[in-house]
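Participant: Shown below is the structure under consideration.
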Amino acid sequence: MLVDRVENNEKQQQQMASSSDAMSDSSLSDDEIIEHVVHGKEPKSTYELSWVSNAIAWSGALVWPLMLTVPLLLSSMYSPISYRQVFPESWYVYDTLSNCAPKPLGLVLGILAVAVGQVFVWIFFYLFKFGYLGTDPRSIQSKGAREYIFREGLLTHIGQPEGFVLLIGYLAITWMLKLMPQSYYSFEGTIQYKELFMCLVLQDGIQYTMHVLEHIVSPAFYQMSHKPHHRFTNPRLFDAFNGSLMDTFCMIIIPLFVTANLVRHCNVWTYMAFGSSYACWLTLIHSEYVFPWDGIFRKLGLGTPADHHVHHKFFKFNYGHLFMWFDQLGGTYRDPSGFAPRVFRENV
C-alpha cells in the first residue's frame, strides 16, 4: 500500500510538473498557470487571447463615427440636444437673399465640429500608441517610429499657424462674406452622405493635382512651399499640418474653396461633417504606426499611413491623401509592401 501511494504521488507530481512546463512554454500568465495546475481550470487558448486582443484593437475604429459627433447630435430630431432645442430660432434662420450678414452660429459649430473630431483622434491615438487598445503598435518604417513626448507632439500640432489658424481664418472669411453657396447656410435636414462622399473625393482629387504641381512647377517654388513639410521623412501623426503657409494655401485652401463651389447643394451639417472627417483623416494618415483597418482600406484604395509614408520617404509616389485612386490612375501609386523589409516592415 505504501509503495502504491508513493508511486501515485510521484505520478501526480510529474503531471503537475509537465503541466507547469507546458504552461510556461505557452506564454501564459502566472495566475493562469496556477489556476490550471492547482484548480484544474483550463487556461484561455492562444487563439482566444488573440481574438480578444484583436477585438480591443478594433474598438479604435469607433474614432471614425466619432469624428461626426457634433453634426450627428445637433441635426438629429431624436437627439436630446437637437439644435432646435438648444438655440433660439433667430440664431439659425437666415434669409440668404437679404443683404444682412450671415448668422455666425454655423461657423462656430463648424469649427467646434472639427475640434471635437480632433480630440477624439488624439484620445484614440494616445490609447493606441501606449498599448491600451490590446496590443503594442507596429511602426511602419523598419528603423522604428520617431521618439517624442506625446504632450510636445500635441502642442506642436495645435499651435501650427499654417494649420488650424489659417484654416479657421479661411472658414471665417468665406462664411461671413457669403462666399459659400446658399445651401451651406441652411440648417434643414441632417448629414447628406452622398454629398459628403463627393466632397471628400473632389477635395482629394484637386489636392492630388495641386500636390503634383508643387513638386514639379519649379525647384524654387517647391523649396518655398512644400519642402518644409517634406523634412519629415519618417512622419508622426502630429506632423500632419506642419509645413508652410504657402503649402496649406495651395494644397488645402484652394481645393476646399473649389470643392465647395462644385458640390453646391450641401447643408451646414454636411459641410461640418466634411470639414471634420477631412481634417481627422488627414491627421491619421501621418501616423507612425499601422492601424488595424489599414489592410481593408488598402484593398478599397483608401489612404493609409503606410501609403503616405511612401510619399514622405521617396517624394515622387503616392501624392493622394484620402484616396489612392488618383495615383493609380496617374501611375504614381506604389504599394508599401514593395519597399519591405529594407525600408518598411512586412505587412504594413
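Cβ atoms here come from the backbone N, Cα and C positions, even for glycine.
Since this is a predicted model, take the numbers as computed values, not measurements.
Sharing the feature lines straight out of Swiss-Prot:
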REGION    1-26  region 'Disordered'
COMPBIAS  1-10  compositional bias 'Basic and acidic residues'
COMPBIAS  12-26  compositional bias 'Low complexity'
TRANSMEM  55-75  transmembrane segment
TRANSMEM  105-125  transmembrane segment
TRANSMEM  153-173  transmembrane segment
DOMAIN    197-332  domain 'Fatty acid hydroxylase'
MOTIF     211-215  motif 'Histidine box-1'
MOTIF     226-230  motif 'Histidine box-2'
TRANSMEM  243-263  transmembrane segment
TRANSMEM  277-297  transmembrane segment
MOTIF     308-312  motif 'Histidine box-3'
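If you look at the structure here, what lies around each of the features I listed?
Facilitator: A Cβ distance under 8 Å defines the sequence-distant neighbours of the transmembrane segment (105-125), meaning residues of its chain 6+ beyond its ends; these are 60, 62-63, 66-71, 74, 83, 87, 91-92, 154, 164, 167-168, 171-172, 175-176, 184-185, 187, 237, 268, 271-273, 275-277, 279-280, 283-284, 287.
Summarising model confidence by region, the domain 'Fatty acid hydroxylase' (197-332) averages a pLDDT of 97.
If you look at the motif 'Histidine box-1' (211-215), the same-chain residues 6 or more away from its ends with a CB under 8 A from one of its CBs are 221-222, 225-226, 247, 250-251, 315-316, 319-321, 330, 332.
Sequence-distant contacts of the motif 'Histidine box-2' (226-230), counting only residues of its own chain at least 6 positions beyond either end whose CB sits under 8 Å from a CB of the stretch, comprise 211, 214-215, 239, 242-244, 247, 251, 312, 315.
Residues 160-163, 166-167, 170, 174, 179-181, 184, 195, 198-199, 202-203, 206-207, 210-211, 213-214, 224-226, 228-229, 271 of the same chain, all 6+ positions outside the transmembrane segment (243-263), place their C-beta atoms under 8 angstroms from a C-beta of that stretch.
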Participant: Work out, from DSSP, the number of helix, strand and coil residues along the motif 'Histidine box-1' (211-215).
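Facilitator: Reading the DSSP string over the motif 'Histidine box-1' (211-215) gives 5 helix, 0 strand, 0 coil.
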Participant: Write out how many residues of the motif 'Histidine box-3' (308-312) are helix, how many strand and how many coil, based on DSSP.
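Facilitator: Reading the DSSP string over the motif 'Histidine box-3' (308-312) gives 5 helix, 0 strand, 0 coil.
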Participant: Could you give the residue numbers and ranges of same-chain residues that sit at least 6 residues beyond the transmembrane segment (153-173) on either side and whose C-beta is under 8 angstroms from one of its C-beta atoms?
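Facilitator: Hits for the transmembrane segment (153-173): 107, 110-111, 114, 122, 179, 236-245, 247-249, 252-253, 256-257, 275, 279, 283.
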Participant: When secondary structure is assigned with DSSP, how many helix, strand and coil residues does the motif 'Histidine box-2' (226-230) contain?
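Facilitator: Within the motif 'Histidine box-2' (226-230) the tally stands at 2 helix, 0 strand, 3 coil.
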